[in-house]
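Participant: The structure that follows is given in the form of structure tokens.
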Amino acid sequence: MPKVYSYQEVAEHNGPENFWIIIDDKVYDVSQFKDEHPGGDEIIMDLGGQDATESFVDIGHSDEALRLLKGLYIGDVDKTSERVSVEKVSTSENQSKGSGTLVVILAILMLGVAYYLLNE
Ligand code: HEM
């Protein structure tokens, strides 16, 4: 009997040490494999804890990829469990860093304009 995991359990395996992904309702542990993935580790890490079926199929992975996948299989997903969304911590951190820089640039520009106007 394969082990059955809820979407919640899979979502909890979203790094930094553990990465599981779902493809066709099957759960795969890609923690080690991500470093060897020919398409790069980031693409897999972004999908950590989530259903990656669409992305996996869209790329048109070869039979060799399907063979590799078999070795990473750890169980099935409980399709009756509630689907949960995975927080993308790294992405939101980057976004806030980006907007912080923007605020500083805008503040400097506004000071420049104010200085120019005062000296008119
Ligand atoms: C555990 C699951 C996965 C396995 C075993 C796997 C395996 C492979 C393998 C063997 C290749 C080389 C080309 C081929 O044989 O098809 C490849 C390429 C690639 N994979 Fe994956 N892959 C997995 C998941 C994913 C996911 C979720 C994505 C997300 C979009 C992805 C994106 C890519 C891309 C973009 C390439 C192309 C790299 C290139 O041609 O430069 N893969 N993958």
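Any Cβ shown, glycine's included, is placed from N, Cα and C.
In case it's useful when we look at the structure, here is the feature table from Swiss-Prot:
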type: BINDING; residues: HIS37, HIS61; note: heme binding site
type: DOMAIN; residues: 2-78; note: domain 'Cytochrome b5 heme-binding'
type: TRANSMEM; residues: 98-118; note: transmembrane segment
Participant: What residues, ordered by sequence, lie under 8 A Cβ-to-Cβ from HIS37 (heme binding site) and sit at least six positions away in the same chain?
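Facilitator: Once residues fewer than 6 apart are set aside, HIS37 (heme binding site) is near VAL30, ILE43, ILE44.
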Participant: DSSP helix, strand and coil counts for the domain 'Cytochrome b5 heme-binding' (2-78)?
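Facilitator: Tallying H, G and I as helix, E and B as strand, the rest coil: 31 helix, 18 strand, 28 coil.
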